[in-house]
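> Sharing a structure with you now.
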Ligand code: EPZ
């Protein structure tokens, strides 16, 4: 397994291009199952999760061609000949559950492995299943799989989500495009990735209103056509790299960055003493004069502070002046980066869903372990400003959601390299 070595190297200067959104692409790709016409996605990110979704769709008989160095995905499921999503693929990536709604909507049957939990929480899929049942699906859970049937097709329904769920909103939204009649999704997720999916589905001929608000209304249609759609900018990659100059000093321009994707996050950066300026090519970020100030953070569904940036924000607050409290309200176990940051000298107390961070003047490099995707990059961010050398192991977590991290950070002056883990490590 590879390791990434980071050495504190002073302020950063230059520009970082931001890729297409992993979490948009992972719901746009299954949309190909809704039609036998070709779907082309541009601005696609080059990530291991995308390769996993590609393998899953290909196992169902769909064609997925990766073009233009992986930034264009040409998909077609006219040859769909298998409606079973196997556990050996689904267990690698929870987003695999997003093939359930589209397959059911188009062909009236699907067998999809239950995804199981992951490091940050149990992550059930009950809301996905309840939404599809409300639309008339008959679901039978056995042997770790969901056996789903909708013999006469799905029918429109009013679905009121008790908890905001990005994935359940996406599954229901895709299924509703081909259901008979009208579907109303209440307490729907409002993330930019939902808006991106709705815009793509509309290009395919779907009739959707209200995406981005808590209520989405879908009029089912007989069939959907093909489309070409650009994947929206990855706001989590964007926020992650905005924190690099915030932690190290200097000034970095994030190409393709948009403030509307991260308003709550940018508000917190401003409070902490980080300036964010819109430019013709994206966002320019610099630390204002003086030390970063402590701020409190509560993670919430969009448009609140994103849970996917909580670990990275914690890395910034470890060296802030004062004490910050981070409250994680979305997942039950998303502070695994805290003990690793503590190895670098951070002072963090975790109690349930709260982490109290007492700022220290400087962190010190140390060997640390990545535990999940966003935790892995928070350790790299901390290492950028720490005294000495930080060695991050298990960086396969990183490859799921960040393309070319070493190149992007070296491009702004970071001292960072990727090595093969020594055999005796
Ligand atoms: C999506 O996961 C993202 N993944 C996650 O990003 C992100 O953290 C999360 O949304 C929240 O924004 C993708 O888009 C591929 P949820 P998802 O359903 O859809 C509970 C990353 O780092 N819940 O909004 O799985 C759930 O346990 C990843 O890129 C149920 O109880 O998240 C959680 O507490 C990590 N039952 C809360 O809802 C359900 O059926 C929000 O989960 C579904 C969810």
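Residue numbering: from 1, along the chain as shown.
Including glycine, each Cβ sits where the backbone N, Cα and C put it.
As the structure is a computational prediction, the values presented were derived from the model and not from experiment.
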> Name the one residue among 140, 143, 308 that TrEMBL lists for the same UDP-N-acetyl-alpha-D-glucosamine site as 94, 123, 124, 125, 126, 127, 330.
308
> Between the recorded positions 22, 23, 118, which lies closest to residue 94 (UDP-N-acetyl-alpha-D-glucosamine binding site), Cα to Cα?
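The answer is 118.
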> For residue 126 (UDP-N-acetyl-alpha-D-glucosamine binding site), which residues of its chain lie six or more apart in sequence with Cβ-Cβ distance below 8 Å?
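Non-local contacts for residue 126 (UDP-N-acetyl-alpha-D-glucosamine binding site): none found.
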> Got a sec? Which of these binding-site residues, 22, 94, 123, has the most Cβ atoms within 10 Å?
22
> When a 10 Å sphere is centred on the Cβ of residue 308 (UDP-N-acetyl-alpha-D-glucosamine binding site), how many other Cβ atoms does it contain?
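That number is 23.
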> Work through the recorded positions one by one (118, 125, 330) and point out the residue whose CB has the fewest other CB atoms within 10 angstroms.
118
